[in-house]
Amino acid sequence: MAGRRLNLRWALSVLCVLLMAETVSGTRGSSTGAHISPQFPASGVNQTPVVDCRKVCGLNVSDRCDFIRTNPDCHSDGGYLDYLEGIFCHFPPSLLPLAVTLYVSWLLYLFLILGVTAAKFFCPNLSAISTTLKLSHNVAGVTFLAFGNGAPDIFSALVAFSDPHTAGLALGALFGAGVLVTTVVAGGITILHPFMAASRPFFRDIVFYMVAVFLTFLMLFRGRVTLAWALGYLGLYVFYVVTVILCTWIYQRQRRGSLFCPMPVTPEILSDSEEDRVSSNTNSYDYGDEYRPLFFYQETTAQILVRALNPLDYMKWRRKSAYWKALKVFKLPVEFLLLLTVPVVDPDKDDQNWKRPLNCLHLVISPLVVVLTLQSGTYGVYEIGGLVPVWVVVVIAGTALASVTFFATSDSQPPRLHWLFAFLGFLTSALWINAAATEVVNILRSLGVVFRLSNTVLGLTLLAWGNSIGDAFSDFTLARQGYPRMAFSACFGGIIFNILVGVGLGCLLQISRSHTEVKLEPDGLLVWVLAGALGLSLVFSLVSVPLQCFQLSRVYGFCLLLFYLNFLVVALLTEFGVIHLKSM
């Protein structure tokens, strides 16, 4: 069952990519005017067409609000809240620490939203779609599961790349996550459980990742990304997928006839802590088993709805630790909202998680969420013929469809087209993730303005840590459970997808919208320090692992951790100008 669930959640990465293209391009394109205030120069401010927004803190307190509202560099295209205006126009200077504290708290909660949505709603629906499409393990493994696990990273990169002001944030996050995963996570795995690495998958993944990093280094050196380069990134990932499939096919042929049965999914093709995702999906939102009553009786429609919307397992609550309970309290509002708006299909259950009253309610609420989150709600409030908003039409159509479905189905038997709810759930959860990722990017940029930090350093620290912490714990759990090779392989498989698809698709969306090449303006020396550190960490592993005869010890793990600490110190010293070059 675990093997099946492991490979179920990956379908529709291509469809999701198309969704991302529409979602992100729309998010940036439609709301440009929404955040631009009247175009009058601020009193007492020497206004220029574009001034670095980080200079706002050097102005008089009375001029800061006007500067934020009139300076194009301070406008965040997309998102629902204007965080910079909130700090400088609605909080007095004496309450700036309070504003920053609230923003950081909201940022942490957004990371929680990203994790819950991806793990418990987005990935399970990908699993159901993969089962419906009958995809092979290999194809699903290196594409759709990688996308499902890396959804927060990919969405954050797409949102950041779609705005020239935050492109550095995307590069910092992708490079920063790469350094973090290949040093801290990989090192932690070997410290927890020394093991013998698989030579061929190791060489394959690290070489592909080094090529991706080198291409990104060249892209930064050129300072621009053309359509050919963007397509080249995506093409390289396709080539990687083909290589993995061929390597796995050759590996299985060599093992054919052996006394040992091959694994359904070999460690060679695992990506980004899959096994933990399986465990997560198996244990989370198993609605039927969690809330199954001791005595079977015919439940009413209201009882089915209440049980389906209950995100809390009371038996599990009683036996869990205080830490788990505290975290669950914060998750409950998010889980309830997602249960209400996102359908989840589970092919492994007899009823496929069919809950008639809730699923019929989804036919009304989910499309409404789609139109209100797509392009930051621009589509939803658009008035057809200047009379009726789109969201009203969606509610009417959804209500009619829900009524037909409710009276044409039963509580005990899922309908023949129930699998279509997986596509609806996938679309809705993807848009929830995109909305949260947009807010994350906007908050980080606002904090960068307040503290005069570059987008790159915010990306390599806060954004990289926030998006990678879940996978880090997942891989550490795998290592403790005796699967260090699987976890180590996941370190490289997932980040290859993130950098190639994140950069390639993000730049492709920007090019398709603006019809010009993407201009990149590296944040000084720091970007080169980041790229160099990632390259050095890969070279270190490429040289040291074969020298150890692929027997990875705790010494190797501690060396990787020491490397990351040194990198972090150098990066921060570079950001604050302690380390600098005269030519920079």
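Glycine is no exception: its Cβ is also placed from the backbone N, Cα and C atoms.
When the residues SER136, SER258, SER512 are compared with Swiss-Prot, the one annotated as phosphoserine is SER258. Judged by membrane topology as recorded in Swiss-Prot, LEU358 shares a side of the membrane with CYS549. Of the listed residues (ASN60, ASN125), Swiss-Prot tags ASN60 with N-linked glycosylation site; the rest carry no such note in the record, though that does not show they lack it. Using a cut-off of 8 Å between Cβ atoms, the transmembrane segment (326-346) and the transmembrane segment (417-437) share at least three residue pairs, counting only pairs 6 or more apart in sequence. Count of Cβ pairs under 8 Å against the transmembrane segment (201-221): among 384-404, 525-545, 559-579, the largest is for 525-545.
The transmembrane segment (525-545) and the transmembrane segment (169-189) are in contact, since at least 3 Cβ pairs between them lie under 8 Å (pairs 6 or more apart in sequence). Long-range contacts of the topological domain 'Cytoplasmic' (438-445) within the same chain: residues 27, 76, 78-81, 83, 103, 106-107, 110-111, 114, 156, 159-160, 163, 165-166, 169, 376, 455, 458-459, 462-463, 466, each at least 6 residues beyond the stretch ends and with a Cβ under 8 Å from a Cβ of the stretch. Here the listed stretches are 96-116, 169-189, 227-247, 488-508, 559-579, and the one with the most C-beta pairs under 8 angstroms to the transmembrane segment (417-437) is 96-116.
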